[in-house]
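Student: My structure is below; once you've seen it, I'll send some questions.
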Amino acid sequence: MRRKIIAGNWKMNKTPSETVTLINELKPLVATEDADVVFCVPAISLTTAIEAAKGSNINIGAENMYFEENGAFTGEIAPNMLTDIGVKYVIIGHSERREYFAETDETVNKKVLKAFEHGITPIVCCGESLAQREQGVTIDFIRTQIKIAFVNVTAEQAKTAVIAYEPIWAIGTGKVATTEQAQEVCAAIRVCISEIYDEATAAAIRIQYGGSVSAASAAELFSQPDIDGGLVGGASLKPDFGKIVNYK
Ligand code: PGA
């Protein structure tokens, strides 16, 4: 039985001081023993967030990380900077990073490998555009994203990975995918993982759905056989996130 994982993606929201306030507000609301809870916050607030979340069930994750160890990469964050302060998760290849910051399947793969090298769990994002869905190429496109993201990743590493399926047309639009659409793609991702590796790896890897998840849609989405939780943007900044975490 896979353990659910419900992660908030704060994106570029909340100052460090606002982070303390929000974590203190959400702490009692997201308390659960039934799922892993992760708050992915802006880099500048990571240390503050880790401090604020101490003693609670909240894990802190980063929203991005670079694939080199150190050096002349102005503005980037190295993996050991994250592990040094206790960051356990990192979102890799979010569609906003792909769209606005020129991330590609190849850089996603480099970052995934680097995260594993440092013992950080990557939340690997994939998802099709509206045009791709309408052209009927969703599954082919997602399979390509997944295959490239996992090049040279071992089965043992892949078992611990988290994949977030986030249709781009559902992100921040209030247009949540139907349960059938979300389940169909998450199941296809699991088949793809079983083809790259084996059944055991496919059975272990956790696959989230993301894109306008709300307190109203969480229960139905998260009870699908291949959906192991969610990556939540807008609603993760509100008390509603407590309802999403305790969706049952
Ligand atoms: P949303 O964002 O829940 O605001 O649609 C999800 C995400 O981008 O991770």
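Positions of Cβ are set from backbone N, Cα and C atoms, glycine also.
Copying in the features that TrEMBL gives for the protein in this structure:
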- His94: active site, electrophile (ACT_SITE)
- Glu166: active site, proton acceptor (ACT_SITE)
- Asn9, Trp10, Lys11, Gly172, Ser212, Gly233, Gly234: substrate binding site (BINDING)
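Buried or exposed, and what's around them? Tell me for each listed feature.
Tutor: If you take the C-beta of His94 (active site, electrophile) and look for same-chain residues 6 or more apart in sequence within under 8 angstroms, you find Asn9, Glu63, Asn64, Cys125, Glu166. Secondary structure at His94 (active site, electrophile), taken from DSSP and collapsed to helix, strand or coil, is coil.
Secondary structure at Glu166 (active site, proton acceptor), as computed by DSSP, is coil. When Cβ atoms from all protein chains are considered, those within 10 Å of Glu166 (active site, proton acceptor) total 28, not counting its own.
The Cβ of Ser212 (substrate binding site) has Ala170, Ile171, Gly172, Thr173, Gly174, Lys175, Val176, Gly233, Gly234 as same-chain neighbours under 8 Å, each 6 or more residues away in sequence.
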Student: How many other Cβ atoms sit within 10 Å of the Cβ of Gly233 (substrate binding site)?
Tutor: 22
Student: Using the CB centroid of Asn9, Trp10, Lys11, Gly172, Ser212, Gly233, Gly234 as the substrate site centre, which other residues of the same chain sit with their CB within 8 A?
Tutor: Ile171, Val232, Ala235, Ser236, Leu237
Student: Scan Asn9, Lys11, Ser212, Gly233 for binding-site residues whose C-beta lands under 6 Å from an atom of ligand 1 and note them, or write none.
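Tutor: Once distances to ligand 1 are taken from each Cβ, Asn9, Ser212, Gly233 fall under 6 Å.
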Student: Tally every other Cβ atom lying within 10 Å of the Cβ atom of Asn9 (substrate binding site).
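Tutor: That number is 27.
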Student: When you look at Asn9, Trp10, Lys11, Gly172, Ser212, Gly233, Gly234, which the record names as binding substrate, what is the longest CA to CA distance in angstrom?
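Tutor: If we measure all Cα pairs in Asn9, Trp10, Lys11, Gly172, Ser212, Gly233, Gly234, the largest is 14 Å.
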Student: Which of these binding-site residues has the least crowded Cβ, counting other Cβ atoms within 10 Å: Gly172, Gly234?
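Tutor: Counting other Cβ atoms within 10 Å of each of the binding-site residues Gly172, Gly234, the minimum falls on Gly172.
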